[in-house]
Amino acid sequence: MEIGWMHNRRQRQVLVFFVLLSLSGAGAELGSYSVVEETERGSFVANLGKDLGLGLTEMSTRKARIISQGNKQHLQLKAQTGDLLINEKLDREELCGPTEPCILHFQVLMENPLEIFQAELRVIDINDHSPMFTEKEMILKIPENSPLGTEFPLNHALDLDVGSNNVQNYKISPSSHFRVLIHEFRDGRKYPELVLDKELDREEEPQLRLTLTALDGGSPPRSGTAQVRIEVVDINDNAPEFEQPIYKVQIPENSPLGSLVATVSARDLDGGANGKISYTLFQPSEDISKTLEVNPMTGEVRLRKQVDFEMVTSYEVRIKATDGGGLSGKCTLLLQVVDVNDNPPQVTMSALTSPIPENSPEIVVAVFSVSDPDSGNNGKTISSIQEDLPFLLKPSVKNFYTLVTERALDREARAEYNITLTVTDMGTPRLKTEHNITVQISDVNDNAPTFTQTSYTLFVRENNSPALHIGSVSATDRDSGTNAQVTYSLLPPQDPHLPLASLVSINADNGHLFALRSLDYEALQAFEFRVGATDRGSPALSREALVRVLVLDANDNSPFVLYPLQNGSAPCTELVPRAAEPGYLVTKVVAVDGDSGQNAWLSYQLLKATEPGLFGVWAHNGEVRTARLLSERDAAKQRLVVLVKDNGEPPRSATATLHVLLVDGFSQPFLPLPEAAPGQTQANSLTVYLVVALASVSSLFLFSVLLFVAVRLCRRSRAASVGRCSMPEGPFPGRLVDVSGTGTLSQSYQYEVCLTGGSETSEFKFLKPIIPNFSP
């Protein structure tokens with residue numbers, strides 16, 4: 001047993017030489033079944049499930065089905081029960097003609113796993129045709145001097161049935177001169193010959209009429225009749241003789257009509273009319289009569305119709321030569337039809353799986369069979385597909401192939417393949433057949449959603465309205481269908497203290513993000529969280545992205561003045577010596593703004609002043625300085641209103657009110673002390689005098705010290721202040737008041753100024769200077 005095949009991976013061609021003998025064991029043999037022709041449609045033939053040893057459900061789940069050559073469905077299989085039934089009435093004569101036995105080959109194909117079982121159905125002949133003679137009357141011219149025992153051939157009857165149902169016997173009507181002798185062709189057909197048993201005498205009986213009856217072997221037998229007319233003629237001594245008893249010729253199939261097949265020749269030694277020969281086909285079958293004709297004068301045998309090797313491979317033709325006297329001779333013409341490569345290969349698709357899942361290698365895509373009615377190399381085939389496809393052709397049993405995937409496929413790279421099966425025979429010239437297959441690739445959830453960005457930065461201005469759409473995230477999935485449907489969700493924040501659920505929400509369908517409440521920049525400047533995108537495949541795949549939300553500041557806070565305090569308490573009064581030079585630092589307005597950026601950039605300007613032009617405010621730092629030299633005409637009490645404004649849109653502002661007291665010298669400061677009640681003044685007059693005297697002495701001493709200090713300070717920094725004092729305009733409390741540097745003069749000398757209580761003539765007490773510690 002030898003199977004010759006060649007598989008070239010680069011060319012993806014499969015060369016398979018199918019030899020009938022070598023394929024006898026290629027697949028599992030199921031067996032042979034038989035059915036009588038003309039059996040009604042739906043009749044039971046066999047139970048394949050039992051023959052294969054399979055259960056009822058296995059036949060159905062494995063998609064068992066019948067495959068017949070040429071797509072003729074003579075049989076049908078009930079997969080639920082395993083019953084093999086007749087699909088249509090079978091006419092044995094139409095299916096097989098004279099061939100006996102009449103066998104129809106079929107296969108049983110089952111999937112998961114792929115198995116093909118070979119089987120055959122034998123169609124049993126019934127006696128449904130009667131014998132028929134091609135001629136209702138046969139004329140024989142028999143010389144009267146014919147010797148006893150001479151045989152005269154008669155036309156045989158035709159019966160489309162085969163075997164015992166074909167013609168089995170011939171009978172002749174009772175006659176004293178003749179009897180019937182039956183002979184048999186090599187193909188089994190029987191033909192009659194008339195045997196002379198008693199001498200003829202033309203003068204007594206010039207003509208005889210007999211009835212020839214043909215009987216078949218059926219039960220009951222059928223019959224057909226023909227008339228035989230015998231004309232007794234005068235003596236003709238010599239019968240025609242052919243030059244060859246057998247002529248063997250070959251003719252290519254598909255030869256044109258009228259092609260010369262052969263020329264037969266006979267001779268007759270008689271002269272005259274008895275030596276004139278005519279040629280005829282002797283007892284031709286219907287097929288031979290339609291295929292060949294002989295020229296009665298020349299003996300040329302020509303084609304009446306084209307011969308087809310695939311239908312009939314050879315003909316056995318008997319030719320009779322008859323002379324003018326009625327004598328005849330016969331020869332046999334053996335005509336061999338030579339095969340020509342005139343049939344392209346045929347592809348029969350048995351199973352096709354589409355779509356097929358991606359990521360699954362070695363999947364059977366299709367099962368098909370290849371056949372070529374030609375013979376020899378003309379019937380050998382090569383099967384192939386395109387080079388650039390991830391598929392392979394594998395030979396299966398007999399003439400079957402399976403088309404399988406070479407590797408795992410990727411639907412995202414290519415969702416459809418158009419495969420062309422090319423089957424070429426080995427004849428000359430080569431003929432080919434192409435069969436197109438479209439294979440769809442079904443999606444498997446093998447791609448996780450992908451965000452368009454790995455991180456998103458969103459900007460939201462504070463004081464937003466709730467449910468404001470602040471931005472969107474977007475993810476795509478290369479899969480298809482439900483595997484590509486993306487659902488968005490918020491992932492738990494990494495910061496457990498971040499109330500993410502109350503800050504933002506996300507639309508699960510489109511990824512839109514919404515602020516759930518109004519955001520406050522001063523409370524939360526920024527926050528971040530993770531968003532997940534999950535597809536709806538099984539199992540579901542997901543991916544996440546980082547979202548940063550930056551809260552943009554809005555100008556929703558007005559400047560707040562830290563110094564001087566504007567809380568409604570007694571205002572602070574700044575002391576300025578009248579000897580101060582222009583640019584003398586009086587104080588510094590300190591303010592802050594809860595906003596940020598430009599909204600927190602503050603500018604200062606003098607809004608109101610008792611003496612316009614006497615003081616100025618630096619716009620960027622809030623320092624209040626003298627604009628010119630002080631004069632005696634300037635009022636001792638000055639009231640300044642400073643406007644503090646931010647740089648927002650629209651701008652917000654606040655005002656600070658300053659009280660400035662112009663003094664001639666620090667030894668005699670002017671203090672707006674409260675006037676004592678008249679009764680108390682009289683009771684403490686002595687104390688008042690003592691206090692005034694002590695104050696005068698102290699003032700002189702203090703003036704000297706301050707003068708010295710002022711000179712030193714002016715050398716160091718003209719921007720430094722010489723002192724600060726809280727001077728309430730109302731009554732002083734009867735306790736010690738500690739006034740420390742709370743203004744902006746943090747880098748200047750500061751003094752602790754204490755007022756002693758207990759007398760109406762309270763005095764200033766200058767203590768040690770407080771010198772701040774500066775970091776190196």
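From the backbone N, Cα and C atoms, a Cβ is placed for every residue, glycine too.
Going by Swiss-Prot, these are the annotated features:
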- 35-133: domain 'Cadherin 1' (DOMAIN)
- 138-242: domain 'Cadherin 2' (DOMAIN)
- 247-347: domain 'Cadherin 3' (DOMAIN)
- 352-451: domain 'Cadherin 4' (DOMAIN)
- 456-561: domain 'Cadherin 5' (DOMAIN)
- 568-671: domain 'Cadherin 6' (DOMAIN)
- Asn418: N-linked glycosylation site (CARBOHYD)
- Asn436: N-linked glycosylation site (CARBOHYD)
- Asn567: N-linked glycosylation site (CARBOHYD)
- 29-690: topological domain 'Extracellular' (TOPO_DOM)
- 712-776: topological domain 'Cytoplasmic' (TOPO_DOM)
- 691-711: transmembrane segment (TRANSMEM)
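Features per Swiss-Prot, on structure.
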residue : record                      : Cβ within 10 Å
Asn418  : N-linked glycosylation site : 10
Asn436  : N-linked glycosylation site : 8
Asn567  : N-linked glycosylation site : 6
>> Check for me, if you would, whether the domain 'Cadherin 1' (35-133) reaches the domain 'Cadherin 6' (568-671) - at least 3 Cβ pairs under 8 Å, residues 6 or more apart in sequence.
In response: no
Across the domain 'Cadherin 3' (247-347), DSSP labelling yields 10 helix, 45 strand, 46 coil
CA pair Asn567 (N-linked glycosylation site) / Asn436 (N-linked glycosylation site), Å rounded to integer, equals 94
Cα-Cα, Asn418 (N-linked glycosylation site) versus Asn436 (N-linked glycosylation site), nearest Å, comes out at 7
Counted with DSSP (H/G/I as helix, E/B as strand, rest coil), the domain 'Cadherin 4' (352-451) has 4 helix, 49 strand, 47 coil
Grouping DSSP H, G, I as helix and E, B as strand, the residues of the domain 'Cadherin 6' (568-671) number 4 helix, 48 strand, 52 coil
What DSSP reports for the domain 'Cadherin 2' (138-242) is 3 helix, 54 strand, 48 coil
